[in-house]
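Everything below concerns the one structure shown next.
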Amino acid sequence: YFYLLFSPRCMWGVVSLFLSKNMVVFYGSQTGTAEEFCGRLAKDAQRYGMSGMSADLEENDMSELPRLVEIDNSLAVFCMATYGEGDPTDNAQDFYDWMQETDEELNRVNFAVFGLGNKTYEHFNAMGKYTDKRLEELGGRRIYDLGMGDDDGNLEEDFVSWKEQFWPAVCEHFGVEATGDDTSIRQYELVFPTDINMNKVYTGEMGRLKSFETQKPPFDAKNPYLATVAVNRQLNQAGDRHLMHLELDISGSQIRYDSGDHVAVYPMNDVSIVNRIGQILDADLDTVISLNNLDEESNKKHPFPCPTTYRTALTHYLDITNPPRTNVLFELAQYATDPKDQDILRKMASASPEGKGLYQSWVLDAQRNILAVLEDMPSLHPAIDHLCELLPRLQARYYSIASSGKVYSNMVSICAVVVEFQTSTGRSFKGVATNWLKNKVVVTDNGHKATVPMYVRKSQFRLPFKASNPVVMIGLGTGIAPFMGFLQERGWMKEQGKDVGETILYFGCRHRNQDFMYQQELEEFEKVGVLTQLNVAFSRDQEEKVYVQHLLKKNNEHLWKLIHTDNAHIYICGDARNMARDVQNAFYDIAEEVGGLTHTQAVVYIKKLMTKGRYAQDVWS
């Protein structure tokens, strides 16, 4: 892997692969969705007589992009996800830097861009917009309009709608037409390895075989560290939700982290769901298999690490809990023996208003996962290898770290709420990662220590460089996490004799006696003077709901002084859809009411704070 990255000769080998196809679909992906969409577009290319491949931006020398024009009827498509506050995904960072710095002429390289974003975030689809604009500036030729998917709405529908218009534009531009063949196209062939050596079979590793037995740093997405669970305790004593605090031991791993960073964990699927899928499909889950790419030139040899067993694939590598996307339903339709089931599946995969509505209600709103689809359509019996080819990869889950690396260098803390609810079909939906973490007992009955595959992802959510700068933290629910790290670090700085500025926390939860997370720790921080002011909004403890933005407005004069005169830094963590927006509006009001600014001036003022890194958000929807 490292040879691939650093050897120019080998890099040319990778790059020449994308120069052997006339349609290359590049992805900038953080959670796997953009990568999945790329694979679907590359596969569709065959229906139009084109030769397509999906390509990781990180693994290709993008300075070779202008050479794509050497291939007749060539096209570069980019599926670009936006991460965090308008940032590129990890694997698109180098490509983003190249776009910013290069003055290379793209020689009318044909391109199209589909962006993946979320409207609840300020910088909606920033990477898609930038890529589309910059490729044109560099001399590329846009053959179809920028598509913008919104994960706050229906990302799948946005992509399908864009794709339905994209292909006719490609046909018109290149003078090609659809083959009219709507039959399923297999990308991988099923192979049963002979002379199986079980030491050569993957059992859940992300990259290197046996990497969980012989751990070697550095640890990252392809080489996670197997951390032992040192603490797993429930944070609430009442209420019907389970709030938990875990501590992962990273001693000896050489992993370093800062307050505000994220920890990624690789969960396992629920064993009962895996077994039930095997039962319905009448499959021996312990069969050792390999799914090999039929395109020998592709640099993606397998859809997941192979050889492995169906059980391992369904447990560690494939997403079996989220509702299946429309392309999966389309491909599975051929296996339904009842023509009505076939029609329903194909209709849901179509771009017709009726089909979209049915997919929304029957799959998304009802939260039907692949098991529920199989159970509710008894005539549907797909080949298990084809199902494994179609399902997306199970992704790592990210959590804001709830500790400080300066204080706890050998420990990473996580706080989370267990996701579990009843769906409209009467089934129990359980969040994959939170339920898996909840069941991580520190020491099992046979004396084994529970472990979690993890790595640390760096963040821009950082305490001020100068400890004397005041800090205003606003968190909702598990959004308290990074602020526990901030408070530990500010306390540590005080102990070092540093001049530490005011440290103020606004925390919101539903009920004092049910979900006031870390109550004892926060009250202790306030008692010893690390926390200058602790303001808690219990939204449902009185008739009239009280939220953090109401408490901010109560203290408007003091807050304006901190921001305008004392150079305070503001941090917001939690729900992007409502809380982050409401808090931002509260700061506009404070700037208007106390600072005497007009609304337009207030918006510009807060924007400037963001640009200077004095208004930071770590939010999710």
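Cβ atoms are placed via backbone N, Cα and C, with glycine included.
Going by TrEMBL, these are the annotated features:
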{"type": "BINDING", "residues": "29-34, 81-84, 116-125, Asp151", "note": "FMN binding site"}
{"type": "BINDING", "residues": "Arg241, Thr478, Ser539, Arg540, Lys545, Val546, Tyr547, Val548, Gln549, Asp582", "note": "NADP(+) binding site"}
{"type": "BINDING", "residues": "Arg397, Tyr398, Tyr399, Ser400, Cys415, Ala416, Val417, Gly431, Val432, Ala433, Thr434, Trp620", "note": "FAD binding site"}
{"type": "DOMAIN", "residues": "23-167", "note": "domain 'Flavodoxin-like'"}
{"type": "DOMAIN", "residues": "222-464", "note": "domain 'FAD-binding FR-type'"}
Legend entry - Lowest local Cβ density among Arg397, Lys545, which the record lists as binding-site residues, within 10 Å: Lys545
Inset, instruction - For Ser29 (FMN binding site) and Arg397 (FAD binding site), determine the Cα separation and express it in whole Å. - result: 14
Legend entry - For Lys545 (NADP(+) binding site), the one of Ala81, Asn118, Tyr121, Arg397 that lies nearest, given that the binding-site residues are compared by Cα: Tyr121
Legend entry - Residues that sit under 8 angstroms from Cys415 (FAD binding site) by C-beta distance, when 6+ apart in the chain: Leu235, Leu243, Met244, His245, Leu246, Tyr399, Ala402, Thr478, Ile480, Ala481, Met484, Met517, Tyr518
Legend entry - Most crowded position, judged by CB atoms within 10 A, among Phe124, Tyr399, Tyr547 as binding-site residues: Tyr399
Inset, instruction - May I ask which residues of the same chain, at least 6 positions away in sequence, place their Cβ under 8 angstroms from the Cβ of Val432 (FAD binding site)? - result: Pro267, Met268, Asn269, Asp270, Thr321, Leu394, Arg397
Legend entry - Per-residue Cβ crowding (10 Å cut-off), top of binding-site residues Ser29, Asn118, Thr434, Ser539, Gln549: Ser29
Inset, instruction - Can you tell me which binding-site residues out of Gly32, Ala81, Gly84, Tyr121, Val417 are within 10 A of Arg241 (NADP(+) binding site) by Cα, answering none if there aren't any? - result: Val417
Inset, instruction - May I ask which of the binding-site residues Val417, Ser539, Tyr547 is closest to Gly84 (FMN binding site) if we compare their C-alpha atoms? - result: Val417
Legend entry - Spatially closest candidate among Ala81, Asn118, Tyr121, Phe124, Thr434, the listed binding-site residues, to Tyr547 (NADP(+) binding site) (Cα to Cα): Tyr121
Inset, instruction - Give the residue counts of the domain 'Flavodoxin-like' (23-167) per reduced DSSP state, in the order helix, strand, coil. - result: 65 helix, 36 strand, 44 coil
